[in-house]
Each structure stands twice: as C-alpha cells, then as structure tokens.
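Beneath this line is the structure, given in structure tokens, with notes to follow.
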Amino acid sequence: MGTEAVHTVMKKEGMELVAVLDYKQIGATLADTGLFPTSYTAPIYTEMAQLVADTKPDVLVDLTNPHAVYAHTKEALQLGVRPVIGTTGFTDEQLAELTQLAADKELGAIIAPNFAIGAILMMKFAKEAAKYLPDVEIIEMHHDQKLDAPSGTAVKTAQMISEVRQAKQQGHPDEKETLAGARGADFDGMRIHSVRLPGLVAHQEVLFGGEGQLLTIRHDSMNRGSFMSGVAFCIEEVVSMKTLVYGLENII
Ligand SMILES: NC(=O)C1=CN([C@@H]2O[C@H](COP(=O)(O)OP(=O)(O)OC[C@H]3O[C@@H](n4cnc5c(N)ncnc54)[C@H](OP(=O)(O)O)[C@@H]3O)[C@@H](O)[C@H]2O)C=CC1
Ligand SMILES: O=C(O)C1=N[C@H](C(=O)O)C[C@H](O)C1
C-alpha cells in the first residue's frame with residue numbers, strides 16, 4: 001500500500017512527495033530502494049520529527065501496521081501535520097483521543113478503514129438494509145499477511161449498521177459453541193467472521209436474513225490500485241478540514 005501511495009502522489013498533478021518515513025531505511029532516498037525511477041529522489045527518514053522539521057509536509061499518509069499507527073497519528077497531529085490514515089486496528093479509546101487532539105489543534109485528519117469507493121457503497125447499502133433486515137452476519141476475507149482481525153472495514157460496517165439496527169442478539173438464545181470461536185466475533189449481537197487465505201486480496205460479504213429470503217451485499221478489491229483514488233481524494237480534502245473524520249462515507 002505504501003509503495004502504491006508513493007506512486008499515486010508522485011503522479012498526481014498538484015501534489016508533491018516531499019519525503020518518506022521508513023523505520024529501516026537510514027540515509028536512503030527513494031531512488032536507492034529500486035522501486036522507483038531514479039529521478040524520484042525524495043529523502044527517506046526514520047524520525048518523523050526530523051522529517052517534519054526539514055520538509056514541512058501538509059499531510060502525512062500512514063499505511064503501516066496496527067501496532068505503530070496510533071503513535072504515528074498522534075505524533076503527526078502534535079507536530080501540526082494532517083494525518084491521512086489507511087492503517088486499520090485502532091481501539092475506540094484511541095479514536096476518541098485522536099479526535100479530541102485534532103479538534104484542540106484545529107487540524108484536519110482522516111482515518112479511513114477503506115479507501116475503495118465500492119467498499120464505502122457496500123457499507124452504506126448495508127446500513128440501509130439493516131433498517132429492514134436486522135439479522136446480519138459479516139464475512140470479511142483477506143490475504144493471510146493481514147495482522148488485524150476483524151478487518152477495519154468489518155468493524156466500520158458493524159458500527160454503521162448498529163446506528164440503525166434494532167438491538168438484537170442473533171441466533172438461538174440457547175446456542176452453544178462446541179468449538180470456541182465457531183460463531184465468530186460478537187458486535188452488538190451480530191457476528192463477524194474473518195477468513196485469511198493466500199490468494200485473497202480484500203473482500204467482504206454482508207448477509208441479511210429474513211423470513212424466506214436472503215440478501216447479500218458483496219465487495220471485492222482485486223488489487224491495491226482499488227484504494228488509490230480514495231487516498232488521493234483524502235489528501236486533497238484533509239487540507240481544508242479542521243477536525244478528524246473517521247470513515248470516507250462522512251465526506252463523500
Ligand atoms: N484503508 C484502506 O483502504 C486499506 C488499508 N490497509 C491497511 O494498511 C496497512 C498496510 O497494509 P499493507 O500495505 O498491505 O501492509 P504491508 O505489511 O505490506 O506493509 C506495511 C509496511 O509498513 C512498514 N512498517 C511496519 N511498521 C512500521 C513502522 N513502525 N514505521 C514505519 N513503517 C512500518 C512495514 O515494513 P516491514 O515489512 O519492513 O516491517 C511494511 O513495509 C494495514 O493496516 C492494512 O490493513 C490495506 C489496504 C487498504
Ligand atoms: O489489510 C488489508 O489488506 C486491508 N485492510 C483494510 C481493512 O482492514 O479493512 C482495508 C481493506 O480491507 C484491505
């Protein structure tokens with residue numbers, strides 16, 4: 001994702017890639033990585049504070065990992081740089097703290113569990129369907145290198161559905177798991193199932209059941225390119241914002 005995002009910014013008219021933050025590449029430039037044409041000489045930093053002092057970026061894009069992203073986002077806000085975050089795995093407490101920090105600093109920030117427009121539509125359609133069909137299970141399917149489960153998209157989908165779905169504990173009231181985890185994760189009484197397999201990229205089905213009927217809303221990302229128009233959109237939007245927005249559905 002990071003490599004794709006670097007390409008996207010470099011190709012986008014009106015945007016300039018001023019630097020890259022990579023915790024391992026000491027003293028290197030993009031040209032040294034071999035991933036980019038040698039004309040791409042943006043410096044690679046290992047410390048965000050130094051990067052910001054030297055290059056004064058408007059925006060920091062983070063596509064790293066769930067263990068590092070909270071610290072990166074907080075540091076960016078403290079340094080006065082607007083974060084655009086695609087990395088998933090925030091806790092509710094972390095989101096609340098970062099929202100407050102952005103408000104205090106009057107800085108725009110976007111945390112987008114999914115940048116793909118099709119995935120945003122899937123979530124919006126699922127929220128609409130849940131008003132009428134409150135029995136819902138989410139199946140998210142990803143490549144087997146993914147660190148967080150459930151996916152950020154699945155959590156966001158469940159949160160959006162919960163805003164409109166009448167409270168309900170699904171399944172039989174006396175159901176019993178004979179193998180732990182068989183019924184998936186419980187989010188307000190609805191279930192989330194995480195599949196991890198090589199060969200998958202990023203896929204999700206939201207299943208709604210009703211009397212004698214089943215509705216399935218499905219989205220598939222076939223490659224990382226599916227997320228890039230969303231990344232560019234967020235970079236453009238965040239510079240004129242003054243608060244943190246969690247989820248692209250709030251600004252599209
Ligand atoms: N919002 C969206 O639409 C999407 C979000 N994602 C999310 O984006 C994140 C990245 O995904 P993906 O590119 O597939 O993951 P990868 O594992 O392929 O890439 C993550 C990169 O981050 C680097 N990294 C890890 N820790 C740090 C750190 N502390 N500081 C700087 N760099 C670090 C890794 O380096 P190294 O390998 O050397 O440790 C690696 O190069 C995940 O959280 C994923 O869920 C993914 C796709 C779409
Ligand atoms: O790790 C991934 O690959 C993805 N992560 C995001 C998530 O957790 O929802 C977005 C997309 O599903 C790809």
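Each position is counted from 1, following the chain as shown.
Placement of Cβ uses the backbone N, Cα and C atoms for every residue, glycine included.
Annotated features in TrEMBL:
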ACT_SITE  His142  active site, proton donor/acceptor
ACT_SITE  Lys146  active site, proton donor
BINDING   Asp54, Gly86, Thr87, Thr88, Ala112, Pro113, Asn114, Phe115  NAD(+) binding site
BINDING   Lys56  NADP(+) binding site
BINDING   His143, Gly152, Thr153  (S)-2,3,4,5-tetrahydrodipicolinate binding site
DOMAIN    1-115  domain 'Dihydrodipicolinate reductase N-terminal'
DOMAIN    118-251  domain 'Dihydrodipicolinate reductase C-terminal'
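Taking the mean position of the Cβ atoms of His143, Gly152, Thr153 as the (S)-2,3,4,5-tetrahydrodipicolinate site, the remaining same-chain residues with a Cβ inside 8 Å of that point are Thr88, Pro113, Asn114, Glu140, His142, Lys146, Asp148, Ser151, Ala154, Ala202, Gln204. Across the domain 'Dihydrodipicolinate reductase N-terminal' (1-115), DSSP helix (H, G, I), strand (E, B) and coil residues number 46 helix, 17 strand, 52 coil. The number of other CB atoms found within 10 A of the CB of Thr87 (NAD(+) binding site), across every protein chain shown, is 25. With a cut-off of 6 Å between Cβ and the nearest atom of ligand 2, the binding-site residues Asn114, Phe115, Gly152 reduce to Asn114, Gly152. Under 6 Å, Cβ to nearest atom of ligand 1: this is the test, and of the binding-site residues Asp54, Lys56, Gly86, Thr88, Ala112, Thr153 it is passed by Gly86, Thr88, Ala112.
Cα to Cα, Gly152 ((S)-2,3,4,5-tetrahydrodipicolinate binding site) and Pro113 (NAD(+) binding site) are separated by 5 Å. For Gly86 (NAD(+) binding site), the nearest of the recorded positions by C-alpha distance turns out to be Thr153; the candidates were Lys56, His142, Lys146, Thr153. Across the range of the domain 'Dihydrodipicolinate reductase C-terminal' (118-251), the DSSP-based residue counts are 42 helix, 39 strand, 53 coil. Pro113 (NAD(+) binding site) has Thr153 nearby among the recorded positions Lys56, His142, His143, Lys146, Thr153, counting only those with a Cα within 10 angstroms of its own Cα. Counting other Cβ atoms within 10 Å of each Cβ, the lowest count among the recorded positions Asp54, Ala112, Pro113, Phe115, Lys146 belongs to Asp54.
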